[in-house]
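Asker: First, the structure itself, so that you have it in front of you.
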Amino acid sequence: MPATLSSSDSSDRSPELRSPLLTPTRKIAGEPESEKLCIDDMLQKYCGQFGPWQMRHFVLTSLAWALEAFHTMVMIFADREPDWRCLGGAAGSGCDVTASTVCGLEPGSWEWTGGLGSSTVAEWGLVCAEKYKVGLAQALFFGGCMIGAGIFGHLSDSFLGRKGSLTVVCILNTIFGCLTAFSPNYWTYVLLRLLTGFSTGGVGLCAFVLATEPVGPTKRGTAGMSTFYFFSTGIAILSGIAYIFPQWRELYIASSIPSLLFLLAVLPFVSESPRWYLVRGRITEAMKLMRAIAKSNNKHLPEGVVLALDEEANNDSPTTNEEDQTYKELLDSKDAISGSLIDVVKLPMTRMRLFLAVAINFLCSVVYYGLSLNVVNLETNLYINVLLNAVAEMPAFTITAVLLDKYGRKPLAIGTLWFSGVFCFAGSFVGNAGVWKVVKMVCGILGIFGMAGTYNLLFIYTTELFPTVVRNAALGCATQAAQMGAILSPFVVVLGGGLPFAVFAVCGIAGGVLAFYLPETLNKPLYDTMAGMEDGEGACRSVN
C-alpha cells in the first residue's frame, strides 16, 4: 500500500505535485497560441493559393504532359502506311496505278515513295494480311500504359513519391524510346512499345497530381484543367518533329530525347508534394516547403502555425508553443500513413466513387480515341491533320476551365458527355456521300470537342474524389480503365458505316448518366486520409 500523507504535507502540495503524471500546460505570459491547419487552409490563409511559386511549379511539372504526347502519338507517324508508286511512274508489269492498295500487285512492280525506312509498315511489310500487326502494336502499347498506370499510381502514393515516380518513368521512357529506334524486327519493336507504354502510363497521372496538390482549393480546378494544354501542344510539336524526321527510326530518337532533357533541365527545379510529405510523416519537410511557398508568394507564415492532417486539424483547441513543439516531434516520429485500392474498396463511400470513376473513364476513352482515329483516317495531309486535331481540342479545354468553378464538376461532366453523345448519335444517321460526308465530319469534330473537355475534367474530378493516401492509386486505376478503352476503340472503328458513331453515342450518354451519382467536389477540401474524408463528408451530410 502507498504511504499516507499527513495533513500538513497535503496542504503544502503544489498543483503540479497533485498531478505528478501530467505534463504542465501553463501558458507563459506573451507566448502566442498556435493553430493546427490542414494544407488547404494553410494555403488559403497564409501561403497563397496560386502565386508565383505555384505558377512556376505548375508549368515545369506539366511539361511532362508533352512527353506523354510524344511517346503516345508517335505511332501515328511511325506506323503509318506511306504512299506508293509503280516502278517507272506508269503501269508497269503487274502494277495498276489506279489500285487503292498494294494488295494484289505483283512484288517488285511497285515501291514505297519514302523508302523502306519511312515507316514500320514499309520496312516490315505490314499490309494486306499482315495489317493486323499495326493494330496489335498499338493495342499492346496501351496495354502497357494500363499496367504502368496502376503500378506507378501505387508507387507514387507510397515510398517513391510523386516526384520520384515521375523521375523513374522519364528515365525508362528515354531508354525504351531510344532502343525502339534500333529494333531489328517487328516483335522486338512490339516488345519495346509495350515497355514504353508501361512507363508512359505513369507520366501523366504523376505529373497531374504533383502539379495540382500544392494549389489552393478555389484555384485547383482551373489549374488542373490547364494541364491538357501541354498534352495538345505536345501533339502539335510532334507533328513538326515528324515532318523534320520522316524516317521512323530517327523519329523515335528525336521524340525520346526530350524526356532526357526534362530529367536534366526541369526535374531538379520541381519540388515534391507537401501533401505526400505530410501523409508520410515527414512534417519537417512539409513545413519547410510551405514556408518556401509563402515566401515566394510574398506571404508570411507565422511561427505558431502547425501543419496537421485533416483529421487532426479538426481539433480547434488552441495550443502553446511548448505543446506545438511536442506535437511536431510526435508527428515527425509517426509511421507513414499509407493506403491502397483495398482501403478504397473497403469504405462504401470511396468504393462507389471508384466504380463510377473507372466506368466513366472507360466510356470516355472509347469515344475520345475512337473519334480521333476516325479524324486521322480522313484523306488529308497527315501532318496538318494531326496539328489541326491538337489545336481543335484547346477551345474545349478553355471553355471547360472557364465554366468549371462556376457550375461545378458534376454538371459540367454530365453536360460534356451528353454534348458529345448527342452529336455522335446524329452522326450515326448521316451517310458518307456528297454533302453528308461533310456533315458527318462536323458531327465527329463536335463529338471530339465535347469529349476532349470531359477527358480533361475527369482528371481533376477523380483527383478530388479521393484522399491523398490513395489519390494516385485511384487515379491510376481510372487511368487503367481509360487505357482499356483506348485498346478497344480501334476495333470499334473497324465496324465501319454508322456503327462506330452509334457505339460512341451510347458510351457518351451512358457516361453522363453515371456521372449523376458522383458527388460535387467544387470548393471541397483535398482530404489527406480516409478517416479525414469520412469525417468531413459525414459532417457535410449532417449539416445538409
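Cβ atoms are placed via backbone N, Cα and C, with glycine included.
Curation does not apply to TrEMBL; its annotations are automatic.
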Asker: With the ranges 58-79, 190-211 to choose from, which does TrEMBL describe as transmembrane segment?
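Answerer: That would be 190-211, the stretch labelled transmembrane segment in TrEMBL.
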Asker: What range among 1-26, 313-338 does TrEMBL describe as region 'Disordered'?
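Answerer: Checking TrEMBL against the ranges 1-26, 313-338, the region 'Disordered' one is 1-26.
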Asker: Quick test of your reading of TrEMBL: among 134-153, 474-493, where does it put transmembrane segment?
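Answerer: Of the candidate stretches, TrEMBL labels 134-153 as transmembrane segment.
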Asker: For the transmembrane segment (190-211) and the transmembrane segment (134-153), decide whether they are in contact, meaning at least 3 CB pairs lie under 8 A, counting pairs 6 or more apart in sequence.
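Answerer: In this chain the transmembrane segment (190-211) contacts the transmembrane segment (134-153) - 3 or more Cβ pairs sit under 8 Å.
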Asker: Pairs of Cβ atoms less than 8 Å apart decide it: which stretch in 134-153, 223-245, 354-371, 383-404, 438-461 has the most with the transmembrane segment (411-432)?
Answerer: 438-461
Asker: When each of 134-153, 165-184, 438-461 is checked against the transmembrane segment (223-245) for Cβ pairs under 8 Å, which one has the most?
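Answerer: Per the Cβ count, the answer is 438-461.
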Asker: What same-chain residues lie close to the transmembrane segment (165-184): Cβ under 8 Å, and 6 or more beyond its ends?
Answerer: 61, 64, 67, 71, 148, 152, 155-156, 192-193, 195-196, 198-200, 202-203, 206-207, 210, 249-250, 252-253, 255-257, 259-260, 262-263, 267, 270, 472
